[in-house]
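Chemist: Relevant sequence annotations retrieved from TrEMBL are reproduced here:
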{"type": "BINDING", "residues": "Asp50, His161, Thr163, Glu320", "note": "Mg(2+) binding site"}
{"type": "BINDING", "residues": "Asp50, Asp325, His329, Asp366, His367, His441", "note": "Zn(2+) binding site"}
{"type": "ACT_SITE", "residues": "Ser100", "note": "active site, phosphoserine intermediate"}
Amino acid sequence: MLLKSMCVSGPVEEENPEFWRAQGAKALQAALNRKLNTNVAKNIMLFLGDGMGITTITAARILKGQMHNQSGEETVMTMDTFPHAGLLKTYSVDFQIPDSSSTATAYLCGVKTNLNTVGVNAAARNGICKTQKGNEVSSILKWAKDAGKSVGIVTTTRVQHATPATTYAHSASRKWYSDADMPASAKKEGCTDIASQLLNNTDIDVIIGGGRKYMTPKGTWDPEYPRDLASSGKRQDGRHLISEWQKMKVGKVARYVWNRTDFDAVDPDTTDYLMALFEPGDLRFDLERDPTMDPSITETTEKAIRILSKNPKGFFLLVEGGRIDQGHHASRASMALHETVAFDNAVAKGLELTNEEETLTLVTADHSHAFTFNGYPFRGQSILGKSPLYGKDMLPYTTLMYGNGPGYKVVDNKRPDIRQVDTKSKDYVQLSAVPLDTETHGGEDVAVLARGPMAHLFHGVQEQSYLAHAMAYAVLCTKIILSNYVNYDNTPNLYISTWTNFVFISALSQ
């Protein structure tokens, strides 16, 4: 049932057909003028919005415009300007709907795997240490480092979380953040926690995020929250990984920081290594961030790029908007969308600091969410508001809802009446159809947007694991395929060299 029969129109110029014809002609001419960039990529920036499905992108676009007093629908986000786009299929080997570690293994390592596993192939089983050994797979970050490039990770979660962990770790469980999180059997069988692998595996130049408590011995007071026991160190092995990291960098300019003051004092021109851990666990949502203590994702991205870009051989940087996902799990759409807007601002900063001719920039997601955009809202209506439609129960509902989650509520056998509720509040929990403690992921394809050298390779509908292969080709000017899949005996003019799990084939004629 419609609340109003009136129609809310858009801007006056949109009533003129010539407005749309001119807009279409301009976009068409831009497409016709576009030339493929077939340069070898010196740098790769991979911007990963955790849980940033297409519905999230659309809703965040509208929110970003409305934050600037626009209608919102016509807003162009930075990621919208990327000239090449495709879709990625996100299922894992064992589940139709994946998690962030199985998807990260796909797009970073080029191999699909099982739910909850990190940097291992599908022969490894979730939580079973003995299946991990011999089934490790390496990531594009390691390939870049082995090629002499500088590498970095920036995240709004803990640096031991699923997405960043997959750049450097191999684990039968994504939850083995520290040794305190591992079962005794796994430790006895020789598996190591993710935090320790951050030091022992690939030599990462820039590490920015949260996760201090997984790096320090049990009982170590947190410098920011000394009276909060939950924020104190967790490690049972007595290792102080932050101190160990500092000792490993003797002879280099290595900075460890945990607050904005020290972060701002880091000079990118003279810094070789940076570890910045701003929280004991995940960083705060952007809407709740204390700007006097913690920098924004835009600021951390800028610092990382300025440090990494000093390498004449180039760099690989993963930037994760990790709390988009956590906002959705809590069914707090405002939080998730503001995180997405902040993430898009970081993308803009990345483009500002790099050269499109030599830097391949990608924006994608690991998976979607059970997140819907519905109800025929009028043009320009608040994306966080209520639909102009009522349900059959004569009660309103929000434009944004979830298929499941903590927002399921029944009052006197009815849905709650939200007419007097501020649904735009950052703390508002959206309505959901099925009651769950936390909302689940969604299983639809996610977008990949590309700009720079070899961006045209990111096209069509692909398996998510294709991403790592295409990135490696762009930066190494090679074809890569698994060595046990293809026989090259009859391939002319090729030089074959084995590198970890892969065969890299570079045409000698190039």
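Glycine too: its Cβ is placed from the backbone N, Cα and C atoms.
From a predicted model like this one, the values you see are computed outputs, not experimental measurements.
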Chemist: Let me know the DSSP-derived helix, strand or coil state of Asp50 (Mg(2+) binding site), please.
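Modeler: Reduced to three states, the DSSP call for Asp50 (Mg(2+) binding site) is coil.
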Chemist: Going by DSSP, is Glu320 (Mg(2+) binding site) sitting in a helix, a strand, or coil?
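Modeler: Reduced to three states, the DSSP call for Glu320 (Mg(2+) binding site) is strand.
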Chemist: Rank the binding-site residues His161, His441 by the number of other Cβ atoms within 10 Å of each Cβ, and give the residue at the low end.
Modeler: His441
Chemist: Counting across all protein chains shown, how many other Cβ atoms sit within 10 Å of the Cβ of Asp50 (Mg(2+) binding site)?
Modeler: 27
Chemist: Hey, how far is Glu320 (Mg(2+) binding site) from His367 (Zn(2+) binding site), Cα to Cα, in Å?
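Modeler: Glu320 (Mg(2+) binding site) to His367 (Zn(2+) binding site), Cα-Cα distance: 13 Å.
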Chemist: Is any of the binding-site residues His329, Asp366, His367, His441 within 10 Å of Thr163 (Mg(2+) binding site) (Cα-Cα), and if so, which, in sequence order?
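Modeler: Within 10 Å Cα-Cα: Asp366.
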Chemist: At the level of the C-alpha atoms, what whole-angstrom distance separates His441 (Zn(2+) binding site) and Ser100 (active site, phosphoserine intermediate)?
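Modeler: Cα to Cα, His441 (Zn(2+) binding site) and Ser100 (active site, phosphoserine intermediate) are separated by 9 Å.
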Chemist: Reduced to three states, what secondary structure does DSSP give His441 (Zn(2+) binding site)?
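Modeler: Reduced to three states, the DSSP call for His441 (Zn(2+) binding site) is strand.
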